[in-house]
Amino acid sequence: MEFSAEAKASILVDALPYIQNFYGETIVIKYGGNAMINDDLKNKVMHDLVLMKYVGIRPIIVHGGGPDITSFLEKVGKTSTFVNGLRVTDRETAQIAEMVLVGKINSEIVSRLNSLNLKAVGLSGKDANLIVASKKYAAVKNADNTITNTDIGFVGEVKNINTALLYDLLDQNYVPVISPIGIGEDGNSYNINADYVAAEIAGAMSAKKMLLLTDIEGIYRDYNDKSTFISTLSKKEAEAMIADGSINGGMIPKVEACLRSLEKGAGKTSIIDGRQAHSLILELFTSQGIGTEVVHSN
Ligand SMILES: Nc1ncnc2c1ncn2[C@@H]1O[C@H](COP(=O)(O)OP(=O)(O)O)[C@@H](O)[C@H]1O
Ligand SMILES: CC(=O)N[C@@H](CCC(=O)OP(=O)(O)O)C(=O)O
């Protein structure tokens, strides 16, 4: 599709109110492993991030990499088990997760962004104690509705974010790219779901928005039925859908992350489709609402 010069100019002018709204604001983007599909799509996400930065947004990227971790574990003969969407993590799994997230995925995103003239800086939660974590237990619901706190190994929950480091980097025009590895006060490394890390960072930095890029259009009341798509999901509905199982697996941490970030000070949160080309631009700079916005009100 080719546009005339006038049409191109009018597209830019139409984006102006959105650009003004986000100018100077922090936006946290969680780039999920399932949205890192192929080279073409990865490049489109990178271009969106570059555009965001060059119109004056302060982006912070938190990445996942679940599928890559799973395939590396398979190579060493380990099967992955998930409880409430969280990977059960023994010591060896924690080491492999760190290797894949920090050594492979983080470094690839940073290289891609830097080659597009962005000053991206790769960080794990260990750098300057960016993410201090403690051991997290999974709250598993029993048949009689009681909850058992289950040990899932070296899985962490965020205790503190070194916001001073992030402010310094943003003020110097760097774009932080963060791996979801936490450092415990006990000296252990913790594997943390990237959605939770994005939420804590978005809350602590009072981000204007947190966007979770994933492999589905958003949330469905019944995700086998496309007609049940939900554009805005309230806290009450979200809690009920988690309780009755209609939000399950990897969607649980996402929804919990959205609610958590809003409680902690983020402005807005949306779960959007990372498989759709330029979904970040569509979400931020057009009136075409995409994905599911999770709101804190009932
Ligand atoms: N109600 C729901 N609506 C949409 N997706 C859901 C729902 N409940 C569970 N899911 C699942 O959550 C998945 C997204 O989580 P996940 O695969 O962990 O993504 P990511 O790797 O991006 O973190 C979807 O692909 C879908 O299978
Ligand atoms: C504890 C836990 O589950 N950690 C995640 C960290 C990576 C992640 O969150 O990746 P996605 O965003 O691609 O799912 C894992 O091991 O898969």
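Note: Cβ is positioned from N, Cα and C throughout, glycine not excepted.
TrEMBL: automatically predicted annotations, no manual curation.
What TrEMBL records for 26-272 is domain 'Aspartate/glutamate/uridylate kinase'.
Positions annotated as site 'Transition state stabilizer' by TrEMBL: LYS30 (among others). In sequence order, ILE61, VAL62, HIS63, GLY64, ALA194, ASP195, VAL197, ALA198, MET210, LEU211, LEU212, LEU213, ALA257 make up the list of same-chain residues 6 or more apart from LYS30 (site 'Transition state stabilizer') whose Cβ falls under 8 Å from its Cβ.
Around the Cβ of ARG87 (substrate binding site), a 10 Å sphere holds 21 further Cβ atoms from the protein chains shown. Annotation note: ARG87 (substrate binding site) sits in a strand segment as assigned by DSSP. Taken from TrEMBL, the feature substrate binding site covers GLY65, GLY66, ARG87, ASN191.
Summarising the annotation, TrEMBL assigns site 'Transition state stabilizer' to LYS254 (among others). In sequence order, ASP195, LEU212, THR214, ILE271 are the residues near LYS254 (site 'Transition state stabilizer'), counting only same-chain partners six or more apart with C-beta under 8 A. LYS254 (site 'Transition state stabilizer') falls within a helical segment according to DSSP.
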Taking the binding-site residues one at a time (GLY65, GLY66), which has its Cβ surrounded by the most other Cβ atoms within 10 Å?
GLY65
Ligand 1: which of the recorded positions LYS30, GLY65, GLY66, ARG87, ASN191 have a Cβ closer than 6 angstroms to it?
GLY66
Quick one: what's DSSP say for GLY66 (substrate binding site), helix, strand or coil?
helix
Cβ-based neighbourhood (8 Å from the centroid) of the substrate site, residues GLY65, GLY66, ARG87, ASN191 excluded:
GLY33, GLY64, ILE69, THR70, ALA97, VAL100, LEU101, PRO180, ASN193, ALA194
